[in-house]
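Undergrad: Sharing a structure below in structure tokens format, with a few things to ask.
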2 protein chains.
Amino acid sequence: MGEFELIRRFFTRPVRRAVLGVGDDCALLAPAPGMQLAISSDMLVEGRHFFADVDPRRLGHKALAVNLSDLAACGARPLAFTLALSLPRADAAWAGAFADGLMALAEAHQCELIGGDTTQGPLNICITVFGEVPAGQALLRSGARAGDDIYVSGTLGEARLALEALQGHLQLPPATLAATRLRLETPTPRVALGQALRGIASSALDLSDGLLGDLGHILAQSGVGACIDTRLTSALLTAGPGLDTELLRQCTLAGGDDYELCFTAAPTLRAQVEAAAAASATPVTRIGSIEAQAGLRLLGNQGQELLQRYASFDHFSA
Amino acid sequence: MGEFELIRRFFTRPVRRAVLGVGDDCALLAPAPGMQLAISSDMLVEGRHFFADVDPRRLGHKALAVNLSDLAACGARPLAFTLALSLPRADAAWAGAFADGLMALAEAHQCELIGGDTTQGPLNICITVFGEVPAGQALLRSGARAGDDIYVSGTLGEARLALEALQGHLQLPPATLAATRLRLETPTPRVALGQALRGIASSALDLSDGLLGDLGHILAQSGVGACIDTRLTSALLTAGPGLDTELLRQCTLAGGDDYELCFTAAPTLRAQVEAAAAASATPVTRIGSIEAQAGLRLLGNQGQELLQRYASFDHFSA
């Protein structure tokens with residue numbers, strides 16, 4: 001047995017939900033009657049999505065977390081996933097730690113590994129995740145209506161702050177760096193909140209590239225515009241004293257790698273949104289509203305319209 | 001819009017079978033009542049699974065073909081797939097040709113692209129494919145019984161011959177190289193045969209690493225042994241005169257990259273196997289039989305037992 005075959009065994013676990021798991025040509029899943037299968041694929045590449053020296057346990061967590069976050073954004077309950085892993089060397093210590101981080105998150109969400117592929121090559125992780133959602137109840141990007149409130153879960157911008165510090169662009173106090181780095185390297189997929197928002201949110205997505213850029217997808221697919229009030233978003237990042245206010249605003253509005261949910265709901269449903277947040281133990285903050293006219297307006301500290309546009313993650317450091 | 005975003009658009013097509021396709025956080029699939037979903041993931045890495053200068057149209061074909069071959073091995077009907085693609089550069093000509101080859105095969109099998117990911121990084125293609133199979137009817141590796149016949153579809157070894165020639169290990173006449181190279185670069189997934197074998201084959205898998213190595217998976221999972229008669233397998237590779245008989249035998253028994261089906265069936269079902277082959281217009285050849293005692297025996301030209309073991313693809317050139 002080759003070493004890659006040994007490593008493959010780290011990822012072979014018995015399945016409880018799937019009809020058939022790892023070890024045949026295909027895995028077999030049987031969604032319950034009336035359920036639709038929600039499916040998402042994300043590929044993580046060394047140097048682009050993570051640093052070469054990242055803790056493999058955290059990388060295992062993140063690789064699944066970003067996929068679970070897509071299920072959360074659809075309001076789906078996680079069921080299973082496949083893992084395709086390309087490794088430069090058959091490094092059992094690395095692979096074992098990666099598997100530990102991956103499987104701990106998988107078990108926390110009762111999401112089982114049902115298949116995959118392990119090969120030699122530049123470090124690359126591709127996960128495809130499967131969830132189930134009652135037919136017709138998936139949260140989509142296309143449902144926002146003029147007048148809806150806009151919300152985000154949790155906090156925004158810490159991951160970007162950590163990234164900037166790790167790249168040497170700014171200095172953070174050690175405790176702040178450790179805390180923000182945890183957010184960058186072990187994001188929390190908002191799985192319970194997504195399911196609690198079924199029937200309440202009119203649209204939703206998860207924030208991977210930055211709030212304003214990602215919100216743009218909801219606006220485009222719903223054919224609407226939006227107004228975001230930075231007096232409300234400023235509460236989303238309180239990373240401690242000594243940091244430039246404008247930098248914090250950039251990280252909040254366009255930081256990326258947050259894996260929080262952004263969603264819209266009719267103002268008549270504010271109590272239900274609060275109840276969903278409480279039931280899933282996930283803080284949510286109302287940050288603006290959907291408008292009929294296309295475009296994204298930003299309000300400043302005095303309620304004035306800000307002319308500056310905040311670009312998405314890709315262009316932040318350009 | 002960035003160039004990678006443009007390339008992403010090559011892969012955005014309207015869906016007819018899926019509830020929701022490319023463009024939201026998840027795709028949505030609703031398997032028909034009574035059907036199970038068959039799922040398989042394969043990752044193709046430059047330098048390991050294909051040469052850097054391969055025709056991108058052929059690479060697009062092969063990336064999906066090797067996944068459809070897994071569905072075929074389970075007897076599943078293709079439904080949909082996701083594509084995660086890492087590209088060193090946003091090369092629109094390359095990506096367009098890749099998409100052409102990929103989509104032509106997808107349309108031939110009515111298998112639609114429902115989601116995925118495009119990113120910058122070393123060339124890496126990860127496809128996860130979805131098919132449907134009536135509950136309980138999937139062809140597994142674990143069903144072979146002592147006395148069953150062993151069959152393979154099509155021919156075996158041309159892909160390996162082409163690989164050896166392309167690596168400079170042997171010379172082939174130009175016409176032979178072109179023909180064998182087509183087998184290496186554009187394998188034919190035996191999708192119709194796989195479905196026709198439901199209820200007939202006792203076990204099945206697809207041949208990616210070489211006949212004897214892959215057959216070993218059926219033997220291990222079924223708890224049986226096998227006897228293969230090289231007087232029967234010799235008909236599987238007729239690559240022309242001037243090639244060493246022993247080389248041809250190695251390519252046939254352990255070549256790899258064939259993407260033919262290997263399956264077992266009770267001798268009482270020979271007429272049904274022939275009918276399935278005819279209905280799917282796929283030649284099949286009986287090459288041996290399953291035995292109760294563990295181990296894999298090989299019979300030579302005079303029916304004598306060959307002591308030599310033929311290793312699998314990975315070790316062939318070692």
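Here the Cβ of each residue, glycine as well, is placed from N, Cα and C on the backbone.
Values in this document were obtained by computation on a predicted structure and should not be read as measured data.
Not my notes, these are from TrEMBL:
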DOMAIN    A:23-133  domain 'PurM-like N-terminal'
BINDING   A:Asp25, A:Ser40, A:Asp70  Mg(2+) 4 binding site
BINDING   A:Asp25, A:Asp70, A:Asp206  Mg(2+) 3 binding site
BINDING   A:Ser41, A:Asp42, A:Asp117  Mg(2+) 1 binding site
BINDING   A:Asp42, A:Asp70  Mg(2+) 2 binding site
BINDING   A:His49, A:Asp257, A:Phe313  substrate binding site
BINDING   A:Gly116, A:Asp117, A:Arg141, A:Ser208  ATP binding site
BINDING   A:Asp209  Mg(2+) 5 binding site
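I'd like these features described in context: how deep, what's nearby, how far apart.
TA: DSSP classifies A:Ser40 (Mg(2+) 4 binding site) as strand under the three-state reduction.
Cβ neighbour count for A:Asp25 (Mg(2+) 4 binding site) (all protein chains, 10 Å cutoff from its Cβ): 27.
In this view, A:Asp117 (Mg(2+) 1 binding site) is surrounded by 21 other Cβ atoms within 10 Å of its Cβ, with every protein chain counted. A strand conformation is recorded for A:Asp117 (Mg(2+) 1 binding site) in the three-state DSSP classification.
Close to A:Asp70 (Mg(2+) 4 binding site) in the fold, though at least 6 residues off in sequence, lie A:Ser40, A:Asp42, A:Val129, A:Asp206, each with a CB less than 8 Å from its CB.
In the three-state DSSP classification, A:Asp257 (substrate binding site) falls within coil.
The C-beta environment of A:Gly116 (ATP binding site), restricted to residues of the same chain at least 6 apart in sequence and closer than 8 Å, consists of A:Phe11, A:Val22, A:Thr82, A:Leu83, A:Ala84, A:Leu85.
A:Asp209 (Mg(2+) 5 binding site) falls outside any helix or strand according to DSSP and counts as coil.
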Undergrad: Under the DSSP assignment, what numbers of helix, strand and coil residues are found in the domain 'PurM-like N-terminal' (A:23-133)?
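TA: The breakdown for the domain 'PurM-like N-terminal' (A:23-133) reads 36 helix, 47 strand, 28 coil.
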Undergrad: Looking only at the domain 'PurM-like N-terminal' (A:23-133), what is the mean pLDDT?
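TA: Over the domain 'PurM-like N-terminal' (A:23-133), the predicted model scores a mean pLDDT of 93.
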Undergrad: Looking at the binding-site residues A:Asp70, A:Ser208, A:Asp257, which ones have a CB within reach of chain B, meaning under 8 Å Cβ to CB?
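TA: Listed binding-site residues meeting the cut-off: A:Asp70.
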Undergrad: Just to verify a number: CA distance, A:His49 (substrate binding site) to A:Ser41 (Mg(2+) 1 binding site), in angstrom, no decimals.
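TA: Cα-Cα distance, A:His49 (substrate binding site) to A:Ser41 (Mg(2+) 1 binding site): 15 Å.
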Undergrad: Could you list the residues of the same chain, at least six apart in sequence, whose Cβ is under 8 A from the Cβ of A:Arg141 (ATP binding site)?
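TA: Result: A:Ser203, A:Ala204, A:Leu205, A:His217, A:Ile218, A:Gln221, A:Ser222.
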Undergrad: Looking at the binding-site residues listed here (A:Ser41, A:Asp117, A:Ser208, A:Asp209, A:Asp257), whose Cα lies nearest to that of A:Asp25 (Mg(2+) 4 binding site)?
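TA: Minimum Cα distance from A:Asp25 (Mg(2+) 4 binding site) across A:Ser41, A:Asp117, A:Ser208, A:Asp209, A:Asp257 lands on A:Asp117.
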Undergrad: Would you give the longest CA-CA distance, in whole angstrom, between residues of A:Gly116, A:Asp117, A:Arg141, A:Ser208, the set recorded as binding ATP?
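TA: Binding-site diameter by Cα atoms for ATP: 32 Å.
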Undergrad: Between A:Asp117 (Mg(2+) 1 binding site) and A:Asp257 (substrate binding site), how many Å separate their Cα atoms?
TA: 26
Undergrad: Looking at the binding-site residues listed here (A:Ser208, A:Asp209, A:Asp257), whose Cα lies nearest to that of A:Ser41 (Mg(2+) 1 binding site)?
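TA: Smallest Cα separation from A:Ser41 (Mg(2+) 1 binding site) among A:Ser208, A:Asp209, A:Asp257: A:Ser208.
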